[in-house]
């Protein structure tokens, strides 16, 4: 991460002290204890600031419109998640002109000091405690699958499901990072979403991926058969799984032989 | 890297020489390359003995048709090979192998060049090596710039891919979902009747330098993939309004009220397309945690694209951009010779029965035996 980007962020977030959490291709993520508009010294909760920096290579007009539309898109998606009761950080404030989203912080610090993403938690269990297939892991994986099932039943697509985009805390799992999200009712899009997660689990948790994936799917199925949604939910689950098998066969990248 | 590249060296010979034939699109290229024994390194670099090219240029407003391009290649291939041999100062019998483009590309031109390759192989009794065109670009770019393990942006008239190396394959991380970026530029050049000489993309680049106003165009990045057909349709309709004799609605700049010129359109098109390319490259960089970018392919010789990539990389720690000039960016025979020779040194020889070329040949199908990092 270059200091220029951090300096720019400091200029936009004057009087706000923050720590850097991560830098992706598109955005920087900070953590702060300061609420954007309440001034309550008793408030101990922390917030996440997601900042999309200006891209100097883009024409200023392109840059402005992209930053704005993506920030708004993400905020809207998070708002819809909140309405649908799907766990994700709640939006506190947004400055779409400067590409800043201020949101609730979900998660805690694991004993090894890392943020409690599903990835870090599983790695912690794999490496430090050597109990990767405990009942607790199974329970959490099923809950994550249930959460994704809920998401898809609302015809919402995350677009970048990986174990590092799932946060854990006492209340259970929550989804984060909706930069690539979209809306779709097609089994194809849902199956691709699941396939992306499956691939991510295979590459980041290679040793136990098959167990994790089967538990995730179990939770995903449970969401569809729970009866919260219409009776068609079961049917659509069958369709999605059938499509997932097709997607697995062709891969995301179709081969173009012959 | 610990691959033994000299398992198949001829006894008593301290070097290899390969001839490469390229003809997957409208360029016919013949190249002759020399490798000394041992690993390629900063002190033991591949030596370019000859790199000759002839381009089939179609009239303004027209693309190159497979039939005409194949005829051009058939007419010129013998002359070019003779010239290459005399420039390099070698005889056919000095060569180790004949390399040719097996795909991807246009069928008819590929076939006419592969016939030349087969003939030479039987004439001089040399083995044939079929080469994937994309891998040719990547390997030549790596050799010229000496970049170690870059994320490769391969942009040309027929291909748009972001590629990273992993476990002996060049894996595609992102690519176009419809048309290639060069194709988009070429077709727009046809709409504007921009000459195809020396290349439509080059002429668009020159016009874009004079453009001032940015016209909003769709921006279609989908994860690490992109789509360009919608942008082309959009800008073509703007251009059609501009040239309409009925005096229909002409586009004006929102701020100044000035009329939009063809130069402005070229400028806007480049800015939009290249922003998308740089964005997906940045995503791939973040994904594989690399900081080197190598740009290859014909569109890679565009200086604006190189500049934008440089600006992107500046915000990443220790980032660097590698690119080559038109001799190695635009399709050429030397890259086929180079990549083919690397394969030959690992024993990858294509028997005559398997020299059928294919229009569809994915980059990740090639087993990159000569690397093992």
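Start at 1 and count along the chain as shown; that gives each residue its number.
Cβ coordinates are placed from backbone N, Cα and C, and glycine is handled just like the others.
Annotations in TrEMBL come from automatic prediction, not curation.
Database features (TrEMBL):
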DOMAIN    B:48-337  domain 'Gcp-like'
BINDING   B:133, B:137, B:154, B:331  divalent metal cation binding site
BINDING   B:154, B:155, B:156, B:157, B:158, B:186, B:201, B:205, B:302  substrate binding site
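In this structure, the CA atom of residue B:137 (divalent metal cation binding site) is 18 Å away from the CA atom of residue B:201 (substrate binding site). Residue B:302 (substrate binding site) and residue B:154 (divalent metal cation binding site) have their C-alpha atoms 13 Å apart, to the nearest angstrom. Counting only residues at least six positions away in the same chain, the Cβ atoms of B:22, B:24, B:101, B:103, B:104, B:105, B:159, B:331, B:336, B:361 sit under 8 Å from the Cβ of residue B:133 (divalent metal cation binding site). Distance noted between the C-alpha atoms of residue B:201 (substrate binding site) and residue B:154 (divalent metal cation binding site) is 15 Å. Each of the binding-site residues B:158, B:201 was scored by the number of other CB atoms within 10 Å of its CB, and the largest score is that of B:201. Its Cβ taken as reference, residue B:137 (divalent metal cation binding site) is surrounded by 33 other Cβ atoms within 10 Å in the chains shown. Annotated divalent metal cation site B:133, B:137, B:154, B:331; additional same-chain residues within 8 Å of its Cβ mean position, judged by their own Cβ, are B:24, B:134, B:136, B:138, B:156, B:159, B:296, B:297, B:335.
Other Cβ atoms within 10 Å of the Cβ of residue B:154 (divalent metal cation binding site) number 26 in total over all chains. Between the farthest pair of Cα atoms in the substrate binding residues (B:154, B:155, B:156, B:157, B:158, B:186, B:201, B:205, B:302), the distance is 18 Å. Non-local neighbourhood of residue B:156 (substrate binding site): B:137, B:180, B:181, B:182, B:297, B:298, B:299, B:300, B:331, each in the same chain, at least six residues away, with C-beta under 8 Å from its C-beta.
DSSP gives residue B:156 (substrate binding site) a coil state; it is part of no helix or strand. All protein chains shown were included, and the count of other CB atoms within 10 Å of the CB of residue B:302 (substrate binding site) stands at 25.
For residue B:331 (divalent metal cation binding site), the Cβ neighbour count at a 10 Å cut-off comes to 27, with all displayed protein chains included.
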